[in-house]
Amino acid sequence: MKKSNDREVATPHLAEEWVGKVYTFICILFLIITIFSMVYFVASKGLSTFIVNGVNVKDLLTGLKWKPDGEPALFGALPFIFGSFSTSILAAIIAAPLGFCAAVFMIELSPKLGRTFMQPVIELLAGIPSVVYGFVGLSVIVPLFRNLFPGQGVGIAAGALVLAFMILPTITTIATDALASLPAGLKEGSYALGATRWQTIYRIVLPTTLPAQMTGIVLGIARAFGEALAVQMVIGNAPHIPHSLFESTSTLTSAITLSMGNTAMGSVQNNALWSLALILMLMTFVFVFIIRWLEGRKKL
Amino acid sequence: MKKSLIVTMALTLSLSLAACGNNNTNNGAKNGNAAATNNATTNNTASADLSGSILAAGSTALQPLVDQVSKEFMDKNSGVSIQVQGGGSGTGLTQVSEGQAQIGNSDVFAEEKLDADKAAELVDHQVAVVAMAAVTNKDVGVDSLTKQQLVDIFTGKVTNWKDVGGKDEKIQIVNRPSSSGTRATFEKFALGTKTEDLQGSIQEDASGTVKKLVSETPGAIGYLALSYLDDSIAAVKYEGVEANVDNVANGTYPVWAYEHMYTKGEPDAATKAFLDYMVSEDVQGDQGDVVEMGYIPVSKMEVKRDAQGAVTK
């Protein structure tokens with residue numbers, strides 16, 4: 001309680017201001033330096049394949065044969081690019097309906113059970129190390145596919161299924177947030193018009209949250225695209241475009257992790273792997289732009 | 001609330017700054033120490049005076065052995081700290097060549113991975129021998145394969161086990177990536193030729209994964225170091241010769257390679273002492289780590305091989 005009516009004179013917080021400013025500035029500087037040096041490193045390494053070793057960009061992007069040790073050395077990365085896209089998109093196709101249904105269950109059908117039990121469990125999936133996913137894939141999914149389908153069980157199907165589990169938390173969390181932020185009036189209006197719960201979900205909830213759902217799916221694809229270890233364990237790693245979903249093939253990441261440690265820095269074999277990493281990074285940029293574009297459309 | 005937050009931030013900042021400062025002084029002290037002890041060790045080579053830190057990086061095939069031996073060495077020489085990292089033979093050779101690691105572990109001769117002038121700077125220390133055997137799933141019913149049969153299998157000319165004396169079953173190749181040192185050894189000494197990755201073949205780098213896939217996949221063939229052989233898979237004789245320590249040592253079984261520990265130029269005192277310990281009787285003898293962990297001691301070898309693959313008695 002103030003005794004006088006005088007306005008309290010604010011003591012200047014100069015020191016605090018300064019500390020806060022400097023602290024923030026240092027953090028941002030650190031972040032920017034890290035990002036730029038990383039981009040520079042990958043780009044300079046990845047481009048040296050073309051500049052120093054004289055590999056044709058077109059050959060790398062469209063060639064079908066990957067033989068860095070061969071005579072002559074061939075650097076055709078199309079099988080890897082194909083493998084990366086097909087596994088991550090197939091993973092999203094598997095995970096997207098699951099994620100949406102889980103979100104609907106948690107928000108619309110059974111919020112209590114969903115919020116207290118389902119959500120923590122699904123978020124737990126995100127904390128499991130990828131080598132565990134890979135090992136489970138190798139021990140459960142690969143033998144299962146080997147018994148059910150022709151082929152050896154490894155391949156795009158096994159990789160996509162493992163990845164689907166890995167990206168499920170991302171897709172579910174974003175779908176849940178989208179459903180939760182939906183204005184209540186929209187749903188109530190729909191009910192008031194006599195729509196059933198199912199009609200409301202697929203005529204109102206799904207279309208209005210679709211842009212946000214898409215953001216989640218693209219984020220999931222981006223994560224699947226960059227995942228290395230789990231995929232490497234179940235995909236078989238033959239550098240060829242497969243004839244079926246159950247035939248050994250490679251992704252960009254699995255090709256990099258398989259050979260990066262075995263090749264000496266600066267050799268053409270090593271530089272070619274950095275070119276694959278550069279392709280990965282550029283694809284990640286593309287995904288980020290897609291996400292930003294989707295975010296921009298999200299306004300209801 | 002706000003104030004406490006700012007205080008925390010300021011504290012963190014000052015702490016991190018202080019930590020930086022500390023680090024610097026530590027490094028300075030360490031450098032000083034190292035210099036001092038270097039002088040000391042040149043005068044007096046008693047093991048108690050050894051100090052320094054060693055980084056050994058590279059081959060994952062050699063890593064478990066180096067790791068275990070380094071622990072024993074550190075118990076005996078408390079002043080030395082040794083860090084053992086994997087990363088692969090290429091990484092090990094690169095790091096030792098660029099001076100980031102004191103020791104580069106490799107499955108292959110440096111000449112095979114690095115440029116000739118860079119490889120010439122490195123000093124080779126051969127610490128063990130690893131032999132490899134072709135292994136198959138237990139159901140294929142093949143006991144021995146000739147060199148030509150193996151070449152036919154790994155180049156895709158033969159795709160069914162019945163063509164090499166087994167039962168009627170499709171052959172599934174479980175290979176290593178083309179950059180792998182294990183694959184290079186197998187191709188060089190068992191096949192005598194480089195092979196391509198075939199459509200539908202499986203490539204895995206980790207021996208554990210290869211073993212799991214071969215033991216579970218019907219009709220599978222792969223190759224593993226002797227230390228990985230057990231009842232879950234069937235080891236195949238090469239040209240009728242069984243893959244075992246004696247046959248490797250007397251030169252009748254040709255599919256083997258040295259495990260190398262490279263240093264750049266002559267090693268410093270601590271590194272030299274560690275490498276000497278690595279080839280000492282304690283490690284290489286019948287009771288030593290090398291035998292216990294499934295490698296073959298270099299001293300047991302009755303034949304020698306140079307970087308070009310020429311074998312001498």
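Glycine is treated like the rest: Cβ placed from N, Cα and C.
Keep in mind that what you see is a predicted model, and the values were worked out from it rather than measured.
So that you can see what the record holds, here are the features copied from TrEMBL:
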TRANSMEM  A:21-43  transmembrane segment
TRANSMEM  A:80-109  transmembrane segment
DOMAIN    A:81-291  domain 'ABC transmembrane type-1'
TRANSMEM  A:121-142  transmembrane segment
TRANSMEM  A:154-180  transmembrane segment
TRANSMEM  A:201-225  transmembrane segment
TRANSMEM  A:272-294  transmembrane segment
Remote residues contacting the transmembrane segment (A:21-43) - C-beta distance under 8 A, at least 6 residues beyond either end: 274, 277-278, 281
Close approaches to the transmembrane segment (A:80-109) from elsewhere in its chain (Cβ under 8 angstroms; 6 or more beyond its ends): 61, 66, 115, 118-119, 122, 156-157, 159-161, 163-168, 171-172, 175-176, 178-180, 197, 201, 205-206, 213, 216-217, 220-221, 224-225, 231, 235, 239, 241, 245, 249-255, 276, 279-280, 283
Same-chain residues near the transmembrane segment (A:272-294), Cβ under 8 Å, at least 6 residues beyond its ends: 39, 42-43, 45-50, 53, 55, 60-61, 68, 75, 77, 80-81, 84, 211-212, 214-215, 218-219, 221-222, 225-226, 252-253, 255-256, 259-260, 263
